[in-house]
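Annotated features in TrEMBL:
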type	residues	note
BINDING	A:102, A:142, A:179, A:180, A:181, A:182, A:187, A:210, A:264, A:265	ATP binding site
DOMAIN	A:106-294	domain 'ATP-grasp'
């Protein structure tokens, strides 16, 4: 087990993966353009270059036993070529390629009778206007590729906004789609691990609260009834099975007001809504991902204690050298597990850290999480 | 909180400290003679040199905001000089200096009415023979300084062994003592954290099982009655108070057949018998030590689940490149948390890793720990 793992990306997900992998004595090389990225100081070696540089991706693959990635907006075509040359890459580049394109992703899901919000391709103000006739308002305009944390999405609330929405998004991508706006009761997510032989383990469902399209709070277990839980878990497992994903994937879902469960989005990687697993579960999502791709037995996903996770985002209006305030007050709270990612610079809404609150009583955990959000802040100095 | 911490030593204790500190975004520099020591790949910078090189210790202090150490057999005199020059060093070098010498340590404890086994200085076969008249046989001959994991100890079982014992130990040190052999019922230890203002937090008592003077197994909570627990915790806290220790210390104790509690030894640092805290407690001993020396609030020591920790020692008869066997079988056991230190070379009884078993029922945890000891082994390839 002197395995060396190559990770494309060295952000907080890469960092937390390495912290877990080091417990098992694993080695890591990352490819990240920023020499002071969160994972930079705990990695055996870093290749400083951008994620699309094929020469550097090859160098990473040559230096390591297995290749993986911490985020999905990378060069899937080249990874497919590398895979055909015999390199081990998990999750599989062809799964990545399909998931990268939200239109293809949702088409794939529907083909396998997995429900999603209704959607269609659009390429002009005219086709968007026509879509409104079918799907009504509000309507979500999306870039098919490249979006995350609300980037690449535009919520069209009235006909007046169609033109601006189209102009805004068509600059970044000519590949656009619209999606019906689901009046959901709750957003939930399931982390599913799948190994090379198809064995799967699913984590407890997480309830997610977003603000401006960015995850703010995750509550585990999600406050849903048994029936919805069963339905959602079955859907998540079915999705993972069809995707033939290897590693940890996050399946984000809407629970509609009528109790229907629809797949919102798939992330072919560990996910912000799974950070709670580090302290709350027997096996963290990060160590689970490593087990899956290294052909080691998957670990138990048992929840040891209910948890609330809150994201610490850079305060708006502050840009520059990171300064964390309120750390002492937060560390005083017994239930809090504080994570600071170590990003040198902050900016408004940048993900700078998170806190996981372990507490039997979820109402109390939520109260504490409010306290934390009011106390622990990242500004610039 | 962009603090940089200097650690003298980069073994497994240093490694686990850094893994915890990185969660808070801290930076670390270590001084260790071995460029591939366990902490080497996760540290911001390593000074490769021996622990006694004053120039290098000064370099380490100059590069960091605060100095600490992961083991006690280091240059305390020079650290005292650095401290007098205004460098921040915790635990305090004068406490370290006193604890390093077991004779001074026990004299200090007795002076403060803290019970220990009876002991006296010896310097010849004759004085050892005389000591036997007082303390009886068996008798423990010890080097006052430098010993650990049974090194520097000799158990004299009969008069015939006196000469060999004296010859063996007097080679390494001329500073010898004898200690009465306590017929103990159980060995226990308490981790105590104390901050700069004297605030203390004590962890649940751990029951320790040694083999050939090396820790094999730790069981938490220790299987003792409330009365002994109360007595032992009070003694540990009293000891820490008198030591004015800052950081995490481990107080090892004997529980005699009569229910008396005696202090066996003090380690002025995080300790092998505290590894269980990583998964079983709200705050690990490593992150607690960092909180204490950085003047951050101490964390909760609450036990979330009972635990058994077993050490994975290098198999005897194997020396050379480390090879871990039985890892897959161990990872299959849901209750196991596996730690492999990443030492390049193994040798008989070298500490190569540990496994912490979290399980409500201690008997079941002990059964699992037997399985692990029979399965997970380190040999050489």
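Placement of Cβ uses the backbone N, Cα and C atoms for every residue, glycine included.
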I'd like to know which of the binding-site residues A:102, A:181 has the most other Cβ atoms within 10 Å of its Cβ. A:102
Residues near residue A:264 (ATP binding site) in space but at least six apart in sequence (CB under 8 A): A:116, A:117, A:182, A:187, A:252, A:253, A:254
All-chain count of other Cβ atoms within 10 Å of residue A:187 (ATP binding site): 20
Considering every residue in the domain 'ATP-grasp' (A:106-294), what is the mean pLDDT value? 95
Spatial neighbours, same chain, of residue A:179 (ATP binding site) - Cβ under 8 Å, 6+ residues apart: A:106, A:117, A:118, A:119, A:135, A:139, A:140, A:142
